[in-house]
């Protein structure tokens, strides 16, 4: 049993733990060996490494997870997928995949972070051979942090432009408008106009001032990826403002972040409720909601419906990015992460479903006003946020008010997802640094460098060809394919290499009881099968990226996209092969050595406290040659 001296915080080893050598990282990060207190060594007097932060209140963790996981995809992607894939029928595959895939991995990542007290890389000290999973998640979340903020920059630009008497995208006659721009939004206006051989639908879709504002003013869209053009300085300033805001949300750690999310995570719900009340009072709103929920049972047999449900679950739950692991690492060791994970998953899916009523009540009104079928106005992604909804608000009384509310909500939804993503990346990065590299203002400088690097990369997305770069990042770097690959390996490593029952015991050590066996079965069988099935389908039916159904990317652009995807997917096999080749002994000996967990000091502390109650069984060496490996994180 490990005992801790109250005077100097040094552990001693007795009982079974004396069967093998105790390996501990010293102040300089190099391992030192010992058979008791001497092996651990006294704390270095030349270092003053602060202890790892914890949330001030557990609600800080809940709100941070809500802010991170509940983002733009819940508002602009789920409602469209639900409508496209059979309305209410889509909820059947969505709920089933959430139960067998989304919730189990969501819980797995949070509990791993809480148990190991480490970010996305060092959390895999639980099975060091597969530490490539941590590097992969760092690559993915870095890509997400880089391109996701562009949506915030565009939203911020629209928000600023909303504070006018007349919305700039509501009228023609501006410098960015073409001679063909026509201000026709309502069907009766179109019917009374002289259109010279063009139908109402063609004119409204092709030459709307909303589209021209988006393409000619905001994006200044060039002819392709090979024509980057110049910087759009107005959008660049909005991008810079967003990065400065993110920096000051993250620079002081979870103590400050946990306070900010109380506003950024809750106020969007207030705006959603206000927009729903406004939307359902508009003519045609009921028709829109019916289209949203109307079941089409024939869709249930389509593989694409199940693929869309699975991809949406993994993307909206923010699985595989390492940020949930980082957030969980700041929990107290005995926090009930099982209950938290269930609550957070329900909030996430519930928000997606609720947002559908908001979106389709507005789209129903828009379709009624234009006299077209709702399929003509239903869009997903940026098309919904920056074309469909801006067009809809031009039809409402006091249009600038509703535009400002919508884009403010959009900004907040993306902001907390962005700064929590940055927090996840910074946590993993700082956990890698040995204690001897700790210096004052380490975190502040690291966050500044990360934000500055991402901003420089983002400059490629505020050029005339920037939208094509943005689509490359979105389609390849953090796609469903990469997230499914990541989730598959997470389940395999925990369930089959480390041991599902073993990890269930570890969770019991933290929360006082074993979770439902369903979680173990999912980690071991159901979730890996679901992940691999959807992954294979995505690869077999892969379609090259095409922008706006017209622009086909050049071969080198597609190669760049696959480089983004493979840069994370290859981390796992390359790290595994590298470790096995560098290790000594037979292959079985290498495997046994490299899958031996590396424990932190807090594991010994809680084993000492709870040995007579429930025990931390995974810390007990199983043979004379086994060992307990202990490291202490920098942060």
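Note that Cβ sites are derived from N, Cα and C of the backbone, with glycine treated the same way.
Fair warning: this is a prediction, and the values are worked out from it, not measured in the lab.
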In Swiss-Prot, residue 85 and residue 292 sharing a membrane side: yes
Segment assigned the feature transmembrane segment in Swiss-Prot (from 19-39, 40-60, 61-81): 61-81
Contact call for the transmembrane segment (445-465) and the transmembrane segment (231-251): at least 3 Cβ pairs under 8 Å, seq gap 6+: yes
Intrachain neighbours beyond the transmembrane segment (561-581), with Cβ under 8 angstroms and 6 or more residues off its ends: 128-133, 135-137, 139-140, 143, 472-473, 475-477, 479, 481-482, 485-486, 489, 545, 553, 587, 590-591, 594
Stretch in 61-81, 88-108, 342-362, 480-500 most in contact with the transmembrane segment (270-290), if contact is a CB pair under 8 A: 342-362
Residue 548 (N-linked glycosylation site) in three-state DSSP notation: coil
Spatial neighbours of the transmembrane segment (521-541) far in sequence, C-beta under 8 Å, 6+ residues away: 97, 100-101, 104-105, 108, 303, 306-307, 310-311, 480-481, 484-485, 487-488, 491-492, 494-496, 500, 503
Contact ranking winner - 88-108, 231-251, 305-325, 342-362, 395-415 against the transmembrane segment (61-81), Cβ under 8 Å: 342-362
For the topological domain 'Extracellular' (82-87), mean pLDDT (0 to 100): 83
